[in-house]
Amino acid sequence: MEVAEVEAEVEKKATATRSRLIVRLAALLVSHSTLVSVVCCLAGLIALLVLPLLAKNTYISENALLPGSANPVLSYQHVTQANNLIMDIMSIADVKEAPDIEIPKLIAKYMEILGAETYHHKFSQPQNQFHPLYFFSSSPNSPPTLANLSYGTSTVGIIRAPRGDGKEAIVLVSPYNTQNAGGIDASASASSIGLAFSVFSLLSRATWLAKDIIWVASDSRFGDHTSVSAWLNDYHNPNFIGDASSNRIFKRAGTMACGIVFKVVEKERREKYEDRDVVTMYAEASNGQMPNLDLLNVVHYLAVHRQGIRVRIGMFGGLVKSHLVRVLGEVMQQVGRFARSLNPDWRFEMPSSEYVEGTATLASSIYSQALGVPTGPHGAFRDYQVDAVTLELSPRFSLKNEHTRLAFLLKGGRLIEGTVRSVNNLLEKFHQSFFLYFLTAPNKFVSVGVYMIPFAFLVAPLPIIAASLFNLTSNRNPWRWLHTAKPLLITHTWSVVVTLLPFYISKISDLPSTHCMLTWAGGSLMALVILYIVFGSPYSKHVEWRLLKAVMIASVSIGLCLMSIINFATAQIGALFVVPMCLFALPIRVKTNNSLIRSMVMTCNLVMAVLGFPVTAVALMQGVIKGFGTVSILEFWDSMKFLWGWNSATYLYLVLVHLPCWLLFLHILFHPCH
């Protein structure tokens, strides 16, 4: 009993010691909040710049995938049959008056020859109208109106696996635009169908299949994503109340293990890409969702090491040509050499050219995820938690030559065949590899444990600064911070009104985008004035600017942390704008001993007041990416309409987090300092 009491006493003292150390550390950080803020912000920016150096080579985590373990079986016989289908499609496009009817019939006929179960899926173009109740949910396609009587028709074929139990399926999607059957890209579109048919023909006779195969020849007259999304919605949500006959016609297979979307696109090749065929991978889905990294790794391995196809992903070409990024590349190369000279195990050295390309690719990956909009039809699969990827295959030579077309179909078909073989080996869903990552190259990635470091450094000073400001005013009256509730309530109520205004503006038909933008701005300004009249001025003798700044920092911290859960890339980019506003916010009338420092801070505040405005911030981001010559502030309405049309959470962040932060920043900037 005495031993137990001694141990309890020792543990109690140790706990008290740890508590005192934590309190002293917190007090030290708060007392030196300015220094901590500067150090953390610099560390966050440096950590963001060195992310390309910290990227790892991709690797396949799931051993069951076994990519390339079996020799491809797809032969010239399969691609020759596919070429016959291509020629038939081209002839229909040239002769028939209704290719949108004849081509689906032709594809279904070829599917039936292989013994597949076939049916046609008819869908209409959804109404792209903002509705706050449909955010983060997939609203069903609205029925066509008198102004929208056109339908699309996708053709679906199903092969039942001889070694399966019908509980799992692999989906192959080949978009094809029947409205452009005789256009410039007709040969490429027909080749997409031919490529899918060659693989489907092989799989119809494969004895090793353990998962059903679904081939969706999707009609992309309303866009590649619309047809796939409509089919997936009907697949996962059968309508037993509606037309019973149509529900019987709609055939289903098992739970989807994977989705592979592929299409052939003829592009003008850059000189350095002319030596090989190219496949471009698109992986970003809604609100920053990504497929399991193993799926991309399988495609990359089979394309590069088995078929000799060059793999590309999104990259910002403007950053590759940027002189500033090139200088950073030279600096990082020297830093890597110095680090390796200190310790050979520190392998941070990277050629400057590789750093530049890695930075341009990383910026593209972050931006594409932050936008919250799918980069291809594969995004529709992620809405149902199905891993999928879009592959855009570009041939080295023209597809008009039959011999080069057959060779290209053989190479592309074997890539799809190998991917299907690997997914067919899985006994469970993708789960071994990463779901949260940024890409710096087709074979390099930055994992979640690494790319969270810059964000953590940027956000870390916010609670410290808030605590420091509260301590400066709490000695007089610890409850004075409650007076800041009024400006905070006004600001966030206004942001909700601004969020909902587009719902009513979009109901006005035939209103140009510029007029919608001006109406939105005028309505928002009027709502703010009304709120000031109802609740009174935010500037009263009880509202101290330090407490207002502390409350602003607290609300922004909550908003950034919540956004990092929904879409981390949006929170990362947003922190680069709002954290400086939170840290440097200072009233113009405040008195300081050093006039030079005061002038510098005021200049920074005025610059941030302009650049921190959401309209300016969005235009700035688009200017860095697309070039400032092509960006206009009046296009902000179209940008926001694009975001809410895809239910992107970035729209909510801009209006509910970024905009209130900017308005509170202005309140602090013009505070009378009683």
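Using the three backbone atoms N, Cα and C, a Cβ is placed for every residue, glycine included.
Remember, TrEMBL labels are computer predictions, not curated facts.
In TrEMBL, the annotation transmembrane segment applies to 484-505, one of the ranges 198-219, 484-505. Within its own chain, the transmembrane segment (650-670) is flanked in space by residues 135, 287, 370-372, 487-488, 491-492, 494-496, 498-499, 538-539, 545, 548-549, 551-552, 555-556, 559-560, 563, 567, 570-571, 574, 577-578, 581-582, 585-588, 605-606, 608-609, 612-614, 617-618, 640, 643-644, which lie at least six positions past its ends and keep a Cβ under 8 Å from the stretch. Comparing 484-505, 547-566, 572-590 for CB pairs under 8 angstroms to the transmembrane segment (517-535), the maximum falls on 484-505. If you look at the transmembrane segment (547-566), the same-chain residues 6 or more away from its ends with a CB under 8 A from one of its CBs are 287-288, 455, 459, 462-463, 465-467, 469-470, 473, 480-481, 483-485, 487-488, 492, 572, 574-575, 578-579, 582, 585, 649, 653, 656-657, 660-661, 664-665, 667-668, 671.
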